[in-house]
Ligand SMILES: NC(=O)c1ccc[n+]([C@@H]2O[C@H](COP(=O)([O-])OP(=O)(O)OC[C@H]3O[C@@H](n4cnc5c(N)ncnc54)[C@H](O)[C@@H]3O)[C@@H](O)[C@H]2O)c1
């Protein structure tokens, strides 16, 4: 007979209910200057919709000059396409482009009202970046992360200065500025932003972040701060299973993708989608699910690990499960 162990059920399903989660109020976003850290696929897209849709000036920084050049070239291409298709006027495109300014260091973000971090999916890197934000940005700036899976609570804890108690007013004010603002790829096209509150996030931080996502033309869905949040707790195991099917020879690459395109009406199959997300990002997310839950069902596919070892990272590196010539 099916039986639910009530203690186990409680611990896994109502884990957050003892915390009084911040209520989401309705406010204007109030962002007059935005910082975006990371000019990869996501950072470029976030800077683009912020400048074009929310009409907010953006300071963009990436440690790689090549990546910045690629990001700006992509923005120019997207704006030209929007003008050619009559979606925006030429002057709107020019104004949006003029709102994006490249800066050379995190220090140059010192005056922003909010920063959105979109560097690679790695907890240690994000901790270092957020510690830097807390030292170099205004003490009232909102610190948002575009992480796909990493605990927002862990990232928030990293901004509390050494020697300050997390329970003190100073500690709570520091960590309360951190929020998960998870855009989807490609950002100019996908309509959703997932909003995630850390345990420490202040209600006003959440409200401003939500209002900003809406000003970028997005719909907002909220998730608790669990590994992968709602989106990747569901999507990434599906992609990982598809890679395992390929690994075990259950079906070919093309038949796996065709099954989902034609049988389930997905716009692209899971292997092509993995290439678009980036295989390094997929592996990092799957590892976060695996270590964050200690559940063996999330073990990353060995084939996925080997693809990343080979630096076959998908569309962004020219080769993944498919080849992308001249891109
Ligand atoms: N790719 C997706 O589909 C997707 C979707 C939603 C969220 N995300 C998340 O967005 C973030 C970025 O993903 P992406 O796909 O844009 O990755 P990406 O590899 O395209 O870009 C990452 C960028 O971060 C830069 N970077 C790394 N360390 C840096 C540092 N210390 N300072 C400045 N720049 C630094 C790199 O040079 C690179 O340009 C990740 O957290 C990822 O999980 C990705």
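Cβ coordinates come from backbone N, Cα and C, glycine included.
Its Cβ placed at the centre, residue 126 (NAD(+) binding site) has 22 other Cβ atoms within 10 Å. Marked as NAD(+) binding site by TrEMBL: 38, 39, 40, 41, 42, 43, 62, 121, 126, 148, 185, 316.
Under the heading domain '3-hydroxyacyl-CoA dehydrogenase NAD binding', TrEMBL lists 35-225.
Annotated domain '3-hydroxyacyl-CoA dehydrogenase C-terminal' per TrEMBL: 228-324, in sequence order. Here the domain '3-hydroxyacyl-CoA dehydrogenase C-terminal' (228-324) has, by DSSP, the following mix of helix, strand and coil residues: 67 helix, 3 strand, 27 coil.
Feature annotation from TrEMBL assigns site 'Important for catalytic activity' to 182. In sequence order, 146, 147, 148, 193, 194, 195, 196, 229, 231 are the residues of the chain that are 6 or more apart from residue 182 (site 'Important for catalytic activity') and have a CB within less than 8 Å of its CB. In three-state terms derived from DSSP, residue 182 (site 'Important for catalytic activity') belongs to an extended strand segment.
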(request) Around ligand 1, within a Cβ distance of under 6 Å, which of the binding-site residues 38, 62, 126, 185 show up? (result) 38, 62, 185
(request) Find, for the listed binding-site residues 38, 42, 62, the residue with the lowest Cβ contact count at a 10 Å cut-off, counting only other Cβ atoms. (result) 62
(request) Measure the Cβ-based neighbour count of residue 40 (NAD(+) binding site), defined as the other Cβ atoms within 10 Å of its Cβ. (result) 18
(request) Return the maximum Cα to Cα distance in Å (whole number) over the record's NAD(+)-binding residues: 38, 39, 40, 41, 42, 43, 62, 121, 126, 148, 185, 316. (result) 21
